Amino acid sequence: MATATSPTASQLSSSFASSNTRALISPKGLSASPLRRIPTRTHSFTIRAIQADKPTFQVIQPINGDPFIGSLETPVTSSPLIAWYLSNLPAYRTAVSPLLRGIEVGLAHGFFLVGPFVKAGPLRNTAYAGGAGSLAAGGLIVILSVCLTMYGVASFNEGEPSTAPSLTLTGRKKTPDPLQTADGWAKFSGGFFFGGISGVIWAYFLLYVLDLPYYVK
């Protein structure tokens, strides 16, 4: 059975909806007067970059201000103390022949490699620790010498001039390093082998032939 809607009910529903709509659209205050919208002012916040009067000092910068050199100048690398230390290393003493430089580097490596092999080798708790450690250090010297020779063959061609720069970073002329040639690198590799084996023999002689009292067995 269909139900008919009375006119009174429709008027009540329409008046209720209109009153709700008016309440949502125009809210009223406590005094039943409609609230007025207070005009607001839009504030804009602007940030401006101000250039400093003096340029900031960069701690790390390219050497001589040239980024194409491919090296950076830092407070450590540009320190006179660090420069003095590096210039006194055997590999950077260009006034010394490559053969003597290789002997000096090899002596240091051979002498100091014996101790770790003796104390940390597989035969460290046996009576053969000294001999086994010395032979292992000598074997490592041979391997390093072969690697140095392979690097020289792959990097330098026989008869070509030195690949080292003939100018310093400040533009001063200098004699090219003879180590950066095929002949110079061959002498350095031979000197490293001779010095390394000599260092191993000298360390074994001091530890087990002279039996120095300060050596802790």
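Cβ from N, Cα, C; glycine included.
Straight from Swiss-Prot, the features:
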| type | residues | note |
| --- | --- | --- |
| TOPO_DOM | 49-135 | topological domain 'Stromal' |
| TOPO_DOM | 157-189 | topological domain 'Lumenal' |
| TOPO_DOM | 211-217 | topological domain 'Stromal' |
| TRANSIT | 1-48 | transit peptide |
| TRANSMEM | 136-156 | transmembrane segment |
| TRANSMEM | 190-210 | transmembrane segment |
For the topological domain 'Stromal' (49-135), the DSSP residue counts stand at 47 helix, 4 strand, 36 coil
Across the topological domain 'Lumenal' (157-189), what is the average pLDDT of the model, as a whole number?
77
